[in-house]
Amino acid sequence: MEMWLREMQIENAAMTYKIKETLVRKKTKYQDLAIVDTEAFGKMLVLDGIVQTTIKDEFVYHEMITHIPLFTHPNPKKVLVVGGGDGGAIREILKHPSVEKAVLCEIDEDVITECKKYLPEISCALDDKRCEVFVGDGIKYVKEHKNEFDVIIVDSTDPFSIAEGLFGGNFYKDIFEALTEDGIFIAQTETPFFLPDTVRKVFNDAKSIFPVTKLFMAAIPTYPGGYWSFTVGSKKYDPSQADTSKIPHLDTKYYTPELHRACFVLPKYVEEVIK
Ligand code: AAT
């Protein structure tokens with residue numbers, strides 16, 4: 001018998017994945033969680049029917065959401081990840097020797113537990129002694145920490161339900177306060193192809209708060225549209241002008257110093273979205 005997972009990527013279009021095996025499926029306190037093994041992308045984490053990360057393409061997202069801000073900041077020591085309970089962002093952050101502490105603030109403890117069990121390739125650094133795991137709402141956590149982090153990474157689900165408040169101006173104001181004086185923030189900010197209004201709003205919210213705001217793109221096959229946006233808000237350093245000449249070699253599959261600068265060059269339709 002063939003089993004297929006269908007993700008409704010937008011209202012009238014879907015992606016389907018042939019499933020080898022369902023490893024876990026449960027209702028957590030916050031969402032419907034599944035980790036399934038698929039023919040095309042290997043194991044994947046699915047929350048409320050939406051693909052969050054897969055063994056085959058996770059490197060694109062996790063490298064770009066971390067190395068762009070961490071190689072823009074000259075000396076990132078303390079980093080916060082909001083969401084990201086799979087641990088992929090933490091794994092990449094801890095490749096930076098300057099980082100003394102990486103805090104993960106994930107609302108759903110089951111995401112952490114199940115990813116540790118079934119996705120060790122991604123979650124492997126969550127037990128590192130430089131990583132501190134905190135289970136709770138990122139909105140509250142950020143509000144309660146001031147002038148503390150050099151980099152804040154918002155690795156969240158799409159802007160509905162528990163993650164809705166992670167996409168707005170009020171949250172970005174709190175992030176600004178939680179950052180140190182030359183801090184940098186980055187968020188995954190959806191698809192400009194299918195959701196131009198969302199991308200525009202989030203970008204403009206960030207722009208109204210941060211002195212430097214830039215958007216870049218990366219190609220992520222399992223995300224709607226296949227071409228995903230990230231927004232960077234920075235108090236001081238411009239990520240698109242980072243000095244990439246002295247970046248040390250890191251074990252990456254997508255990020256390169258050349259791409260660091262090139263990814264900020266946008267196709268015309270994306271430039272129009274954020275104009
Ligand atoms: N690393 C890629 C995976 C994710 S999952 C995003 C995580 O954000 C989920 O585990 C979810 O439980 C967590 N989350 C959602 N809302 C909050 C909140 N308010 N506070 C803390 N954590 C939260 C990102 C995938 C992007 C998918 C794009 N389509």
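Positions of Cβ are set from backbone N, Cα and C atoms, glycine also.
Quick look at what TrEMBL lists:
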{"type": "DOMAIN", "residues": "2-235", "note": "domain 'PABS'"}
{"type": "BINDING", "residues": "Q31, E106, D137, G138", "note": "S-methyl-5'-thioadenosine binding site"}
{"type": "BINDING", "residues": "H62, D86, D155, S156, T157, D158", "note": "spermidine binding site"}
{"type": "ACT_SITE", "residues": "D155", "note": "active site, proton acceptor"}
For S-methyl-5'-thioadenosine: widest Cα to Cα gap among Q31, E106, D137, G138 in Å: 16
Assigned conformation of S156 (spermidine binding site) - DSSP reduced to three states: coil
T157 (spermidine binding site) and E106 (S-methyl-5'-thioadenosine binding site), distance between Cα atoms, whole Å: 11
Env. residues of S-methyl-5'-thioadenosine site, Cβ within 8 Å of mean position of Q31, E106, D137, G138 Cβ: Y30, V82, G83, G85, C105, I107, D108, G136, S156, I162, A163
Distance in Å spanning the most remote Cα pair of H62, D86, D155, S156, T157, D158, given for spermidine: 16
For D158 (spermidine binding site), nearby residues of its own chain (Cβ under 8 Å, 6 or more apart in sequence): I50, E190
Binding-site residues compared (D86, E106, D137, D155) - the one with the fewest other Cβ atoms within 10 Å: D137
